[in-house]
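J.: Take this structure, written in structure tokens, and hold onto it; I'll ask about it next.
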């Protein structure tokens with residue numbers, strides 16, 4: 001009776017080996033040069049039917065979802081031979097990063113990909129999965145002239161090439177509810193003293209001063225570090241040692257926490273809930289980005305919001321007018337599509353359409369982002385105009401600190417927030433821990 | 001017999017293939033990755049046992065293990081306990097048995113994430129249901145997800161979610177007990193509580209054993225409740241969420257895989273221990 005089970009076991013074993021072998025060949029196949037059905041005999045047909053897949057985050061609750069779909073429809077009406085699969089995933093969690101990375105590393109690349117530039121893209125850029133756009137841009141002067149030069153500069157990768165064609169940019173800042181400040185006879189927190197006064201006053205009245213979660217404290221960490229360490233030091237990341245000024249950022253978080261700045265349940269809420277507190281008027285301030293307007297539930301809160309730069313923390317070397325922002329994302333053309341003669345032209349045409357000034361204008365109006373093209377944006381809410389004005393008048397616009405360090409290091413910085421504000425760790429220890437992880441990642 | 005073997009293999013093959021692709025292949029791939037330092041998806045470097053060394057000295061992993069064991073305790077005691085009590089009670093009634101069976105089983109079919117979102121709205125400090133009730137009664141608001149309380153608060157939906165499943169298993173086991181046993185007991189004058197402890201429970205002991213093993217191994221998989229309700233903060237990090245954070249948020253697949261291997265080993269050890277402790281002879285009716 002033992003025989004069949006033995007046979008089965010060995011079959012299983014052989015099968016798993018076979019699978020492992022499959023995995024091996026797959027990795028080799030990832031070589032972008034090897035594309036299926038690349039060189040098929042070309043006939044002088046008018047126009048072949050082409051199906052393109054565009055992956056982006058313009059889906060779910062994204063405010064630009066409809067504008068983006070409309071832009072795609074416009075293209076397919078003009079080019080009836082092209083079918084576009086508008087593949088989207090929400091940007092609210094880290095899930096879409098996983099999706100993009102698995103797609104890119106397993107030979108399932110979309111034809112056009114809307115994704116971050118910088119460290120997030122470094123992996124597939126280095127692996128040669130996407131095409132440098134420099135030549136394609138230069139070949140079409142009209143298209144290139146449509147962009148603001150700084151927007152294109154901003155998506156340049158370390159190797160000096162532009163891979164991502166930007167659409168709209170973003171800014172981050174301190175969103176404040178003007179009405180709550182006025183009702184409590186407070187001045188807007190343009191410096192640290194005013195900030196402290198506002199925090200203590202709101203805390204005493206039972207209004208949450210600053211709606212910020214500990215775990216998803218991305219914007220908290222970014223702003224406190226920028227204000228404490230200044231643009232240059234934050235741009236260096238943690239590569240060559242810890243700048244002692246960074247500690248001042250964490251010390252300032254603790255100072256505000258001790259005054260009652262954070263929500264009572266800051267440890268367990270997520271960013272969505274924090275935004276909910278602010279959007280329903282329960283909180284007076286929140287650190288957020290230009291995309292946040294769509295998420296504020298109460299229209300009155302939206303109307304009473306203005307955006308200001310985060311004030312300088314005690315001892316900080318920032319100017320008080322440095323903000324976080326840029327054109328951190330754009331459309332990539334994948335190598336597989338570029339090498340596919342059937343798809344190449346259609347994909348480039350679609351890319352040009354999606355990044356034309358007209359489309360950029362529509363998307364920017366919908367999501368409140370800074371347009372990457374020289375277009376007039378009208379009809380935006382006052383708060384969004386305030387945000388643009390803040391970005392326009394700022395002394396420096398900086399890429400967020402998480403684009404300078406490894407993801408695991410940024411997680412450690414975020415995890416440090418609760419530890420430091422509750423006094424379990426000193427700012428220096430929290431940063432030392434992050435530095436250790438950064439060094440591990442550099443190995 | 002000889003001719004059958006071919007068919008046995010043919011019919012077993014689809015399942016064997018399925019298991020190989022979705023279970024064994026990922027497992028061995030994780031084992032392979034656990035020897036690498038990974039940066040995102042494209043870059044990996046062989047580091048030998050570095051990840052395992054890190055595993056040994058990782059305080060967060062130790063804490064996550066303890067939290068997982070704590071939840072395991074709650075599930076074994078309350079999930080299995082409540083399921084058993086409910087099953088005994090429902091088994092003793094003749095009317096509405098089907099109704100109760102449906103009602104108690106219902107949470108099992110709801111997605112864990114949906115239940116978690118529900119409990120987020122119960123526990124929320126500012127506008128949660130529980131604090132609203134307290135406020136209407138004129139009482140002070142409570143921070144339900146505080147550092148000392150959060151794990152217990154998460155254990156409540158975790159236990160509740162699967163009680164129905166074990167309840168149905170117990171009920172089926174009880175239905176298999178031949179009626180003559182009960183008739184004999186009735187003649188002897190044994191009823192009520194005594195009937196339960198002396199007759200019903202000993203007769204389904206092997207099923208209880210299975211359920212406890214299922215509960216123990218099931219806790220290794222707890223993820224969505226912790227992730228959605230507290231994001232692993234305030235002493236609620238369990239192994240599932242810690243692995244997810246390391247592998248997918250931090251994009252450190254090497255270390256994430258190492259944690260996965262650790263979870264497999266821990267799960268197998270716990271299941272073996274449970275089996276050994278609960279050893280009992282088989283009962284045939």
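From the backbone N, Cα and C atoms, a Cβ is placed for every residue, glycine too.
As annotated by TrEMBL, domain 'ABC transmembrane type-1' applies to B:65-274. Per TrEMBL, the feature transmembrane segment maps to B:7-27, B:71-90, B:102-123, B:159-178, B:199-218, B:253-274.
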J.: Give the nonlocal contacts of the transmembrane segment (B:253-274) in its own chain as ranges (CB under 8 Å, at least six residues past its ends).
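T.: Residues 27, 29-38, 41, 44, 47, 51-52, 54-55, 61, 65, 72, 212-213, 216-217, 220, 239-240, 242-244, 246-247.
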J.: With the transmembrane segment (B:71-90) as the reference, which stretch in B:7-27, B:102-123, B:159-178, B:199-218 has the largest tally of C-beta pairs below 8 Å?
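T.: Ranking B:7-27, B:102-123, B:159-178, B:199-218 by Cβ pairs under 8 Å to the transmembrane segment (B:71-90) puts B:159-178 first.
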J.: So what's near the transmembrane segment (B:7-27) in sequence-distant terms, Cβ-Cβ under 8 Å and 6+ beyond its ends?
T.: 264
J.: Restricting to the same chain and to residues at least six past its boundaries, which positions have a Cβ under 8 Å from a Cβ of the transmembrane segment (B:199-218)?
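T.: Sequence-distant neighbours of the transmembrane segment (B:199-218): 72, 75-76, 79-80, 83-84, 88, 91, 162, 166, 169-170, 173-174, 177, 181-182, 185, 190, 267, 270-271, 274-275, 278, 280, 282-283, 285.
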